[in-house]
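As structure tokens, the structure follows; a few thoughts come after it.
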Amino acid sequence: MEGRFQLVAPYEPQGDQPQAIAKLVDGLRRGVKHQTLLGATGTGKTFTISNVIAQVNKPTLVIAHNKTLAGQLYSELKEFFPHNAVEYFVSYYDYYQPEAYVPQTDTYIEKDAKINDEIDKLRHSATSALFERRDVIIVASVSCIYGLGSPEEYRELVVSLRVGMEIERNALLRRLVDIQYDRNDIDFRRGTFRVRGDVVEIFPASRDEHCIRVEFFGDEIERIREVDALTGEVLGEREHVAIFPASHFVTREEKMRLAIQNIEQELEERLAELRAQGKLLEAQRLEQRTRYDLEMMREMGFCSGIENYSRHLALRPPGSTPYTLLDYFPDDFLIIVDESHVTLPQLRGMYNGDRARKQVLVDHGFRLPSALDNRPLTFEEFEQKINQIIYVSATPGPYELEHSPGVVEQIIRPTGLLDPTIDVRPTKGQIDDLIGEIRERVERNERTLVTTLTKKMAEDLTDYLKEAGIKVAYLHSEIKTLERIEIIRDLRLGKYDVLVGINLLREGLDIPEVSLVAILDADKEGFLRSERSLIQTIGRAARNANGHVIMYADTITKSMEVAIQETKRRRAIQEEYNRKHGIVPRTVKKEIRDVIRATYAAEETEMYEAKPAAAMTKQEREELIRTLEAEMKEAAKALDFERAAQLRDIIFELKAEG
């Protein structure tokens with residue numbers, strides 16, 4: 001069924017999923033602009049949203065606040081919609097260093113993009129899908145509000161080929177070069193084409209295995225086939241094919257000429273300005289860099305960092321709203337914001353963060369002032385582009401609640417698990433009380449998480465627990481990537497019984513073995529003790545049937561009161577449902593393998609664990625770095641960007657130690 005979403009799932013909606021789906025769908029059909037789904041941890045929010053997408057049948061953009069979540073959502077949605085276009089759109093900078101300059105140390109950092117090719121393919125696959133069909137879901141990080149080329153230009157430059165069409169072979173080659181394809185008869189890869197007599201083979205920018213073979217008879221296209229690029233095996237005949245540009249910043253020749261004139265004019269004005277300020281080094285640097293870029297644009301129609309000239313290429317006035325992925329969607333599209341209490345503040349902050357970094361580059365002659373217009377949307381611009389939007393969170397923020405006419409709740413877990421019980425206990429004698437509670441959990445082979453407010457308190461507590469003979473680990477921000485994952489794995493395996501940390505809301509801490517969460521200094525109002533943070537922290541004990549939370553505090557703050565009441569309210573709803581349906585809560589069974597995918601490379605080589613980096617010979621270290629780099633590329637190819645980023649960090653650490 002072309003153009004319609006087909007949801008494939010081994011189970012039907014259950015618990016309070018059916019009512020949540022019905023309410024959200026009804027709201028969308030009535031034209032409600034903002035809706036909020038308040039879904040408790042582990043209630044199957046992704047499945048609910050998938051049902052909503054399938055029923056309203058609109059192109060959908062799902063925004064997540066980091067690549068880990070985006071990757072997980074992408075995998076889940078791909079399973080639910082195997083017959084539809086589920087795409088993935090993240091910025092190269094989600095993993096790699098953007099261009100920057102540090103004046104204090106006179107350090108210029110070029111943009112570093114190692115696993116660019118895979119991400120680039122996925123981005124092209126996403127934008128081309130939007131022009132070819134309506135049954136499209138794009139899972140994106142917040143970088144989807146970042147500047148992109150003009151969608152009109154992108155659409156107009158598509159090369160459309162049909163069997164029987166009259167076109168000279170050389171005219172086709174010229175058109176391919178215009179949309180940034182390179183002729184390469186030897187190294188045939190994405191974004192290239194090759195020619196053999198009357199046969200032109202094109203490798204689309206959005207593919208990595210299949211290419212298009214166009215066979216001519218004179219000046220007529222005789223047949224079009226889809227071919228395996230490696231083996232040459234014919235995969236199918238095509239009547240029609242659309243070749244999308246190999247860059248999102250493509251521009252027609254006449255527009256490019258105009259853009260180059262405008263860039264030259266801006267360059268002259270800026271050079272005069274810098275020289276008048278006595279900034280001769282900056283002026284020389286800017287002239288050299290910009291003239292080189294202009295030369296590349298004249299010769300190749302492209303240059304490295306072309307996005308910095310996007311305002312000129314699109315002939316937009318200074319300060320105007322940039323084009324972004326949102327402009328590639330049709331007008332009636334739907335936006336889903338996952339974990340909205342974190343994602344919306346991120347969307348809000350992107351413009352300022354980017355502006356500060358670019359301003360330094362402009363001030364020191366690395367970029368023209370127009371580069372400031374290659375930027376993310378401001379939050380107000382983002383709001384103007386919303387057609388209909390659903391915010392999804394266990395703890396929606398004030399913005400979502402203010403804008404949504406009613407909140408749709410999803411409280412019941414398919415596993416029957418309840419929100420944990422909560423105790424508030426005085427701080428006097430809290431550590432000895434905590435030790436008693438931990439020992440009870442150890443007896444039952446369960447684990448404990450303890451959250452403190454300061455680094456010193458965490459360190460002192462860890463030492464004290466060790467002296468009391470408890471197997472404890474301290475998880476803090478300075479711990480290296482690989483170690484962090486190993487500590488979590490060791491907690492699950494029982495090497496540790498307790499994990500002490502300051503911020504337990506970072507990803508990777510949904511551990512079914514944890515039945516007790518202890519919150520020290522619960523009555524100190526602040527970021528980590530706000531009602532939202534408390535509810536999220538309490539949720540860390542909601543994956544175990546014996547889940548319990550102890551807050552150590554001498555007074556009950558407003559945040560504590562709200563968090564406790566909300567948890568009680570949810571627990572009562574869940575208990576009532578379980579009683580009615582005869583459900584017995586069972587702890588989630590989760591393979592320990594899940595947690596340790598990222599240590600795969602280190603386990604493969606065994607070197608990293610068997611020998612500390614300092615003890616390795618130069619040759620051993622280089623060998624390990626090579627292995628890890630290969631593993632990193634494999635991970636990115638498999639879309640496991642979390643692992644790719646972790647491996648990148650490990651490589652960085654190894655190089656630093658060398």
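Cβ coordinates come from backbone N, Cα and C, glycine included.
Summarising the annotation, Swiss-Prot assigns domain 'Helicase ATP-binding' to 26-414 and lists sequence analysis as the type of evidence. Per Swiss-Prot, ATP binding site is recorded for GLY39, ALA40, THR41, GLY42, THR43, GLY44, LYS45, THR46, and the stated evidence type is sequence analysis. The annotation motif 'Beta-hairpin' is assigned in Swiss-Prot to 92-115. Among the features that Swiss-Prot reports, domain 'Helicase C-terminal' is placed at 430-596, with the record citing sequence analysis. Residues or ranges marked as domain 'UVR' by Swiss-Prot: 622-657.
Annotated features taken from Swiss-Prot, shown on the structure.
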{"residue": "GLY39", "record": "ATP binding site", "Cβ neighbours (10 Å)": "24"}
{"residue": "ALA40", "record": "ATP binding site", "Cβ neighbours (10 Å)": "25"}
{"residue": "THR41", "record": "ATP binding site", "Cβ neighbours (10 Å)": "19"}
{"residue": "GLY42", "record": "ATP binding site", "Cβ neighbours (10 Å)": "17"}
{"residue": "THR43", "record": "ATP binding site", "Cβ neighbours (10 Å)": "26"}
{"residue": "GLY44", "record": "ATP binding site", "Cβ neighbours (10 Å)": "21"}
{"residue": "LYS45", "record": "ATP binding site", "Cβ neighbours (10 Å)": "22"}
{"residue": "THR46", "record": "ATP binding site", "Cβ neighbours (10 Å)": "18"}
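For the domain 'Helicase ATP-binding' (26-414), the model gives a mean pLDDT of 90. Apart from GLY39, ALA40, THR41, GLY42, THR43, GLY44, LYS45, THR46, the ATP site neighbourhood in this chain, defined by C-beta within 8 angstroms of the site C-beta centre, holds THR48, ALA394, GLN410, ARG413. Under DSSP, LYS45 (ATP binding site) is assigned to a helix (H, G or I) in the three-state scheme.
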